[in-house]
Amino acid sequence: MSGSYDEASLAPEETTDSFWEVGNYKRTVKRIDDGHRLCNDLMSCVQERAKIEKAYAQQLTDWAKRWRQLLEKGPQYGSLERAWGAIMTEADKVSELHQEMKNSLLNEDLEKVKNWQKDAYHKQIMGGFKETKEAEDGFRKAQKPWAKKMKELEAAKKAYHLACKEEKLAVTREMNSKTEQSVTPEQQKKLQDKVDKCKQDVQKTQEKYEKVLDDVGKTTPQYMEGMEQVFEQCQQFEEKRLVFLKEVLLDIKRHLNLAESSSYVQVYRELEQAIRGADAQDDLRWFRSTSGPGMPMNWPQFEEWNPDLPHTAAKKEKQPKKAEGAALTNAAGVVESTSQAGDRGSVSSYDRGQTYATEWSDDESGNPFGGSEANGGSNPFDEDAKGVRVRALYDYDGQEQDELSFKAGDELTKLGEEDEQGWCRGRLDSGQLGLYPANYVEVV
């Protein structure tokens, strides 16, 4: 009976979740340990984002490299080719910015949190943090006298409630005995004495209970003051963490927000300028002069037979090879590129590894001035297929799209003899075909 009564009387206190209850300060102490863990979580968060930025930067670089190669090998030409290529330049520059973002996240933001955490939390030899132990000891010291009084109060309350219970039980028995014929006067007197004794016990326990309760009330202000003092110290420590992490988050935002970067804005300003610089009419004129009616032509004319030059016809018929990359001089004396735009396959087909040959043919049905019969059965492309290895004597930067660029000491393959303008057709080790000045190289 007494056990069930105790449980019922203590139930309201057990459900109380107030900070002032004994032991409930532990949530405030735990917040210190949580702060250290949250610093670790933020560093992990930043580290993962930096990893994403690094991967994205590498993907942009790989994409730009691949498509720049595809564009160079593809059929696009002129100013639009340069505008298209500017997209790859944008990717390279944005890749650099994301690489810088990754570096800022790791070298600045993450290191800043790491250093602050090291200065704010001090590990103990026995485990845990010094700051946590100081808070725990402070709360325990402030709460100890009050907790002792509360223990006395619980005991006094328990005794008072038990006395009340016994009194009620004695009164009930005494009243019931008056209606029972079997109860003797002596027994009736004992029951009455029991009631009187229980009432005295109730009076004594009530007085003690009220006295202890009064003592608790007197110690409560001092208890609250001590607990408030320790709590405010914990609040100040937590405030430093909250303010610091807010500053770090603002730094992270600044590093992530490329829209506020002047370099980022400049990238797209330059990209727009490059795209707007594309001129369809210029490209059409260039194509007309290099692959259309604007090209120079050695029109057929009567030639006297010269017995001293038995291979004249064959040499004349080798000239059409220049359509793949030779340079011819027009009537005004200006060197014009005759590189055929159709010689390059489409951008996407290059990626599939397809090879595209020149579209024109020297078959007799399409070339009334050529043929193996007229050349004594020789193949005008044998010389191109074989080639001769040569070494550059000087640096040369191609001035036209059909010209090769190389450095002194580079080796390349010579694919034809020098023409009357002093140009040779060759192939770089990268596979690029084009023209170069014949006197800039020597045979290896």
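Using the three backbone atoms N, Cα and C, a Cβ is placed for every residue, glycine included.
It should be emphasised that the depicted structure is a prediction, and the values quoted were computed from it without experimental measurement.
As annotated by Swiss-Prot, coiled coil applies to 26-275. Taken from Swiss-Prot, the feature compositional bias 'Basic and acidic residues' covers 314-324. Summarising the annotation, Swiss-Prot assigns compositional bias 'Polar residues' to 336-358. Summarising the annotation, Swiss-Prot assigns domain 'F-BAR' to 13-283. Residues annotated as domain 'SH3' in Swiss-Prot, with sequence analysis given as evidence: 385-444. The phosphoserine annotation in Swiss-Prot covers S2, S79, S346, S348, S349, S361, S365, S405, S430 and rests on similarity to another entry. According to Swiss-Prot, the phosphothreonine annotation covers T184, on the basis of similarity to another entry. The annotation phosphotyrosine is assigned in Swiss-Prot to Y394. Here Swiss-Prot flags 313-384 as region 'Disordered'.
Within the same chain, residues at least six positions away from S79 (phosphoserine) with a Cβ under 8 Å of its Cβ are G277, A278, D279, D282, D283. Ranking the modified residues T184, S405, S430 by C-beta neighbours within 10 Å puts S405 at the top. Candidate modified residues: T184, Y394, S405. Nearest to S430 (phosphoserine) by Cα distance: S405. For the domain 'SH3' (385-444), the model's average pLDDT works out to 89. For Y394 (phosphotyrosine), the same-chain residues lying six or more positions away in sequence with a CB closer than 8 A to its CB are A408, Y440. Rounded to a whole number, the distance between the Cα atoms of the residue listed as 'phosphothreonine' and S405 (phosphoserine) is 133 Å. A coil conformation is recorded for S430 (phosphoserine) in the three-state DSSP classification, outside any helix or strand. Counting residues per DSSP class in helix, strand and coil order gives 5 helix, 25 strand, 30 coil for the domain 'SH3' (385-444).
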